[in-house]
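Read through the structure below, which is laid out as structure tokens, and then see the notes.
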Amino acid sequence: MDKDLLDIKSAATADIELILNTASSFKDVLSRDIKKVPTLRGKTAVNLFFEPSTRTKTSFELAEKRLSTDVINFVVPSSSVAKGETLYDTIKTIESYGIDFIIIRHQFSGVPHFISRISKASVINAGDGINEHPTQALLDAFTIKEQKGTIAGLKIAIVGDISHSRVAKSNIYCLKKLGADIRLIAPHTLIPTGIENDVTEIYHDIESGIADIDVIMTLRIQQERQSGGFFSSTDEYFKFWGLTLKRLGKARPDVIVMHPGPMNRGVEIASEVADSRHSVINTQVTNGLAVRMAVLYLLDSARPRK
Ligand code: CP
């Protein structure tokens, strides 16, 4: 393991497997009456979110607390960032406390890599621009393995706004390393160029794309990263690309439906699918906690001692 988790593209398959196996042990810990362990007592984590988050932020904070880490939740709008302090000076200021982990979400791709170069702390990418969201892919892989027993050989469809999705990119790299057949389903306007080398198939029709699929990942339309013109309207998007129960009927009978959240019900997914027996969306959130505990634990072991 490296001291940082910056992306899945450059991660070793053996490290991904180690994180998934370690997360399994932490999931057992989380089923006990006393869910807190002293593993990272005396360590300090800073959660530095420059973009909104519900799942990733709460899950990292809870993972840190369950491991007995001291936690600083850095609130960007009320910090000196609002007075023009640079990212470099913000990191150097925080680091003066002798912190061990920086969990960073930022609107610009590459910011976690920049912080990694200037900081001795373990840096964890909690989502950078349209680049990657590595812990989301790890929790998704953990959930698939838990539900299906394996990942290798499964037919996994990723449906929707692939172009603007860091979740899609991390998942494509992760699931490919773990041996899945990856099928992308999206309009031509929402498929990035060059991605065909990393996936098995690309479909531009959801009806035929879903046939015989084991796992469907639906993606939110990332309107905050779009300049417009990729599709006519959300109503039309749902009509042609929305995951409905009727369309789900074309997949394998034991298909599971995933979504990284937050969902736009009635845009990329119908409520009747999101709340159906096929949905593992809330299980993904549960598993995010165990996976993030595993990442914190393993990175701490990999960081050179001070
Ligand atoms: N999946 C995900 O990153 O969700 P949040 O934006 O709520 O953290």
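Placement of Cβ uses the backbone N, Cα and C atoms for every residue, glycine included.
Quick caveat, the model's predicted, so the values are computed rather than measured.
Look at TrEMBL and you will find 3-146 tagged as domain 'Aspartate/ornithine carbamoyltransferase carbamoyl-P binding'.
The Cβ of Gly261 (carbamoyl phosphate binding site) has 17 neighbouring Cβ atoms from other residues within 10 Å, across all protein chains displayed. According to TrEMBL, the feature carbamoyl phosphate binding site maps to Arg55, Thr56, Arg105, His133, Gln136, Gly261, Pro262.
Neighbour list (Arg220 (L-aspartate binding site), Cβ cut-off 8 Å, at least 6 residues apart, same chain): Gly160, Asp161, Ser165, His259, Pro260, Gly261, Pro262, Met263, Asn264, Val267, Glu268. Arg220 (L-aspartate binding site) falls outside any helix or strand according to DSSP and counts as coil. Feature annotation from TrEMBL assigns L-aspartate binding site to Lys83, Arg166, Arg220.
Confidence in the domain 'Aspartate/ornithine carbamoyltransferase Asp/Orn-binding' (153-299), given as mean pLDDT, stands at 94. Annotation comment: TrEMBL describes 153-299 as domain 'Aspartate/ornithine carbamoyltransferase Asp/Orn-binding'.
For Gln136 (carbamoyl phosphate binding site), other Cβ atoms within 10 Å of its Cβ number 26. Summarising the carbamoyl phosphate site geometry, the residues cited as binding it (Arg55, Thr56, Arg105, His133, Gln136, Gly261, Pro262) extend over a maximum Cα to Cα distance of 16 Å. Across the annotated binding residues for L-aspartate (Lys83, Arg166, Arg220), the two most widely spaced Cα atoms sit 33 Å apart. The sparsest Cβ neighbourhood within 10 Å, among the listed binding-site residues (Arg55, Lys83, Arg105, His133), is found at Lys83.
Cα spacing between Gln136 (carbamoyl phosphate binding site) and Arg166 (L-aspartate binding site): 9 Å, rounded to the nearest whole number.
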